[in-house]
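Working notes, structure below.
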Amino acid sequence: MVAVRPLGIDSEASSDPLQIKLYELPAAAQMSVYGPVVKIHPVVLASIGDSYERRNEGASRVIGTLLGTIDKHSVEVTNCFSVPHNESEDEVAVDMEFAKNMYDLHKRVSPSEVIVGWYATGFEITEHSVLIHEYYSREATNPIHLTMDTALQSGKMNIRAYVSAQMGVPGKTVGVMFTPLSVKYKYYDTERIGVDLLQRTRDAPNTTNGLTSDLCQVGGAAGRVQDMLATVLTYIEDVLSGKQMADNSVGRYLMDLVNKVPKITAEDFETMLNSNINDLLMVTYLSNLTQAQIALNEKIVVL
Amino acid sequence: MATRKETPSTPTAPMASTSPGATLDSPVKQIQIEGLVVLKMIKHYQEEGQGSEVVQGVLLGLVVEDRLEITNCFPFPQHTEDDADFDEVQYQMEMMRSLRHVNIDHLHVGWYQSTYYGSFVSRALLDSQFSYQHAIEESVVLIYDPIKTAQGSLSLKAYRLTPKLMEICKEKDFSAEGLKKALIGFEHMFEEVPIVIENSHLINVLMWELEEKCTVADKHELLNLSSSNHLEKSLQLLMDRVDDMSQDIVKYNTYSRNLSKQQQQKHQYIQRRQQENAQRQTRGETPLPEEDVSKMFKPPQPPPRMDTLLIAGQINNYCQNVKEFTSQNLGKLFMAEALQGHNS
């Protein structure tokens, strides 16, 4: 998954001047995987963003509790709620009563969710975070700390998760270190469809979007497939005309794609298609009939 | 204002689905929903409402001019039997109080419910929506159809009761005359309000990030060709409703027959009375007292028309859904034909 492009010193270069290449890892490579994998649902991120937007005057960041389920090797975060807190230079106060209350209320709806950690917006982990993390370690074993940079300090949202680990010399000064974990995103099927719809709002200029209906949706989906096919076609043309190197794995995928269209004899396909269309037409006719019937019934009764 | 869990097998209200954009003389012309609400509803159903159970929750937001903005929501726990003393109102109050602390809009603007294949038009829904709309004029009920959503595109509809229906519910006059007076057909019970999805800019940034981090492969369920399963279930539900409807019609017919028979009997009785009186007069005896005919022949109770209206509306809704589905499938089939024709 981590594609490393080798840029090393090319000692075999013949007449070309020495090209200095460096090994470089793409920025997306996640480091250490000590600890569980964190799977986040999109609803959690949207919630965090929303509570950041609604924060009190003067507060630079918001914190809240993460709820979810714990697995052997992963933690799935499915819900969250924000907790009011006050933060100043030297002290931090978290409304624990509120947190407990909210957790109880949430538990009534989904009894299987437990506290798995907490989140904070912002880029860095401050000393206050350590205190808050301590509080949360009382509520949950090995809590996850999630940060999301809503102020976009580095131009990105930087969603990261951490677990705390003890460090230092035992017996002497002991400190706490936050080790990063790998973050994955998990969607239910219906969630993915919802997110798809939301993705479309980001293209509209005034960020609103209506819900389409019936055939428009099929048309839209067909349009998307067409776009994808167009991309594939341009790639193939490039390869054929020599502009791009042919990649064997891509070629194999394309073979699979073309073979996916099943080879059915024309008559068989005709019969299948016709019977299907007949079914659908019959059902349409029936429902129209029913609708006419109830409308009539309505009118007769009113007489 | 809270609703109880309702069995989806007793929907009995006619569904009105005026085309969005048609004459809506209600205070709310459009609903604006935040992406967060959509995600929360989806998640709630996914986790807590497998099978044919309905999940419900409360919508929070505010009213801006003629738009209803829904900015947040929270789910309602299932009403289980071993939770008899569970105080829904208290849960709601606590939740709203807590949300107010974190600056979330705590104004109640409606409620949402999931539905099974479109069967949500029922007495319970009507009552709940009436009590909501009575208290808060702009409230709506959002119906989320998870099965249709799983087929490829989000199915979310917002409904309100028409003013006519509100009048009727207020007077609790569900008899035939009452409904006839108000000229309510099953199309005029509910009105659909168009929905628009809106996201703040921060959420848009989040969407871009998600897209980049994790390009979810488009599984193309929307282009799925299989239809028989869905059609079968829908038709099954439709048949059940039509059965209910025919029973209702039979009841109404017997009622009208009884009524006419009774009228006949009344006439006969009056005639006999008059004849007797005439005879007595000729014989010189005092005429028999005119008895109160109406007390003797009590007219039969007319069957309640409300249920019929509800059933008719539900049938209408089913038919609409089925037609939508079939039209989509026809399109897909023709596409498949084109693809196959190209191949051979």
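Each residue, glycine too, has its Cβ placed from N, Cα and C.
Pulled from TrEMBL:
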- B:8-23: compositional bias 'Low complexity' (COMPBIAS)
- B:262-272: compositional bias 'Low complexity' (COMPBIAS)
- B:31-165: domain 'MPN' (DOMAIN)
- B:1-24: region 'Disordered' (REGION)
- B:262-304: region 'Disordered' (REGION)
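Confidence over the domain 'MPN' (B:31-165), given as mean pLDDT on the 0 to 100 scale, stands at 80. Taking H, G and I as helix, E and B as strand and the rest as coil, DSSP gives the domain 'MPN' (B:31-165) the counts 52 helix, 40 strand, 43 coil.
In the compositional bias 'Low complexity' (B:262-272), helix, strand and coil residues by DSSP number 11 helix, 0 strand, 0 coil.
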